[in-house]
Amino acid sequence: MTKTFKLGCAAALMISAASAAMAEGTITTVVKISGIPWFDRMETGVEKFAEENADMTISQVGPAQADSAQQLQIVQDLVAKGTDALAVVPMDPAILEGIFKRAMDRGTIIVTHEADNQMNTMVDVEAFDNAEYGAALNARLAECMGGEGKWTTFVGSLGSRTHMQWVGAGEENAKQFPGMELVDPNNESFDDANGTYEKAKEILRKHPDIKGFQTSAGNDVLGVGRAIEEAGLTGKVCLVGTGLPNPSAAYLDSGAITAIGFWDPQKAGMAMNAVAKMLLEGKELTDGMDLGVEGYNSVTLKDGPGVGKLLIGNGMVLADKDTYKDYLF
Amino acid sequence: MRKLDGRLAILSMLVVVLMVTGGLVSGGTYLSLFNLQSMATQVPEIGLLAIGVMLAMCAGNGGIDLSGIALANLAGVASGLVMTQFIPVYDAPWLFTLCFTLGAVVVGILGGLLNGLIISRLGITPILCTLGTQMLFTGLAVVFSDGRSVTIGSPDPMYELGNGVIMGVPYSFLIFLAVALVLGAVLRFTPFGMRLMLTGANARAADYSGFAKRRIFTVTYTLSGALAGLAGVIIAARNVNVKWDYGTSYLLIAILVAVMAGVRPEGGSGRIVCVVLSAIVLQLLSSLLNFIGLSNFVRDFAWGALLLAFLAVGRFQLIERLAAGIASGITSARVPRASKG
């Protein structure tokens, strides 16, 4: 009921906004798919940014189906509409290369997120450096393990570039602790909580004295957490990995999950919009600058793979039992 | 006089209504040349696939082609992988574009032929056959490309094909119209077209009339495959890259376009001009909703509502009755004349 009402209001607003002349410029955020928790959370950030910049027209849209063709269509229509800046989280960076190039030729500002291989973008915003993130997860794990004992790692798949970077950096970090012994590393989870659960049970049987798990894909913590809980090892085995607060809440409360790591899509949405606004105003981006968004206070600026820049924040969040309630999504 | 086609009338009306609404809502930007061109470049992919679906439906026998977008992707991926291997994309741009196009259409024809042979020779129901080949084509595209996107590149002729305009009209849209025109003529004026429609209308009568039913099915699905191959070319030209999972939502949209155009799923009836208009209506509608900034779930809702409205209009022949009512009102108001006999 309220949703319909909100939708109606939004529609009315949009129509009036569209017919009234664009005030100080429009920034539209285009996400991979709308209506899922991750991008709903991002929308809260976009809305927040819109409140702070009331003179601009700022909104978020996304396809109803997870299909790169649908996202392409939205981007193309927005470019034709004359939107000043687009902040896009590409479903598939390759499919959007053509339209991005044409859009930039036409003077549209393009900012992307989660697409560090995008050739045609002005700035790609990444929440954190993958190596730093992996090391931070491992540091939290080592702290819980007291710096000694057997531990293992999970990745979504061996072909997942970021996951391999995370566990690789984790292994690097663990070298500081001679007592930590890595056993059977790089188990593939395929982001399937059930499969991960079975595999974790096997590992617990094979290594009854295992002390730690570092996991990568979003559902891994759930599978491993369940295995730890059912084996009655809660509090004895440490588990740190990528996960989202809402689904992990029960295991965080019980202690089966030590800590989860993630980046906050809300802040990422704000950061993308902040960058788009700066580009609109013709401001220069510099290494070490402050975007005015938490986690993006001192960003690293590098050359991207194509024409644009790669902007890396320090937006990683490690949340445990006491802090996850600040990020419920 | 030819009987008024209610579907054609209402689709044309919708085009006008949507354009006027868009113009009013957007303060004119919607009707700007750039946006009209932008929308026109988006129509061909789905339009070609919808014509493929229409041909399959018209042939009757529960005809449908679910493999369209999968085959289009396979055509782009396969032809792209082979041609980029042998022809320097930027040194021989014309040769590359020509060979890539030919390659993709050939892959499309082969895929369509496979569908046609399975359906006509083995007697498998089209929905099952094309569901199977859809997975086969997708699988092949994944294997060939290792699941990654394949970069075709954008040498000049290729870029022009996807994005260029001639006298303000995008090439891809012109190609789409040309294909529609040719196929429309084939359906209307050639013996093949007539047999295709008649077979769809009454398969048993076609049998007794000695139609080569198998050949008709084979040719129909092969044509549909060729259209998918052409759609693959246009996708590649627009996007620079092709990938196996592009346009998964097109499968249902293509069917939606065909049904909205009044193509009867039972076979035997359908007009290409309506399919073209129907594809244009869907494009105008979704672009309009994107302009307003409405949630894309609203778009799905609007499409669904539109489809149901169309089915109702078709079922009860509202337009025809309305027109007849108006016509009789006019004639009765005038002095009755002797009929022409």
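Just so it is clear, glycine is given a Cβ too, placed from its N, Cα and C backbone atoms.
Taken verbatim from TrEMBL:
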TRANSMEM  B:43-62  transmembrane segment
TRANSMEM  B:69-88  transmembrane segment
TRANSMEM  B:94-114  transmembrane segment
TRANSMEM  B:126-145  transmembrane segment
TRANSMEM  B:165-187  transmembrane segment
TRANSMEM  B:216-237  transmembrane segment
TRANSMEM  B:249-265  transmembrane segment
TRANSMEM  B:272-295  transmembrane segment
TRANSMEM  B:301-318  transmembrane segment
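Contact between the transmembrane segment (B:165-187) and the transmembrane segment (B:216-237) is supported: at least 3 Cβ pairs lie under 8 Å, counting only residues 6 or more apart in sequence. Tertiary proximity for the transmembrane segment (B:43-62) is limited to same-chain residues at least six positions away from its ends with a CB under 8 Å from its CB atoms, namely 68-69, 72, 119, 125-127, 130, 172-173, 175-176, 179-180, 183, 187, 196-197, 199-201, 203, 216-217, 220-221, 223-225, 227-228, 230-231, 234-235, 238, 247, 250, 253-255, 257-258, 261, 263-270, 272, 275-276, 278-280, 282-283. Panel annotation: around the transmembrane segment (B:272-295), residues 5, 7-8, 11-12, 14-15, 18-19, 21-22, 25-26, 29-30, 35, 38-39, 42-43, 46-47, 50-51, 54, 176-177, 180, 183-184, 187, 253, 256-258, 260-263, 302-303, 306 of the same chain, lying at least six beyond its termini, place a Cβ under 8 Å from a Cβ of the stretch.
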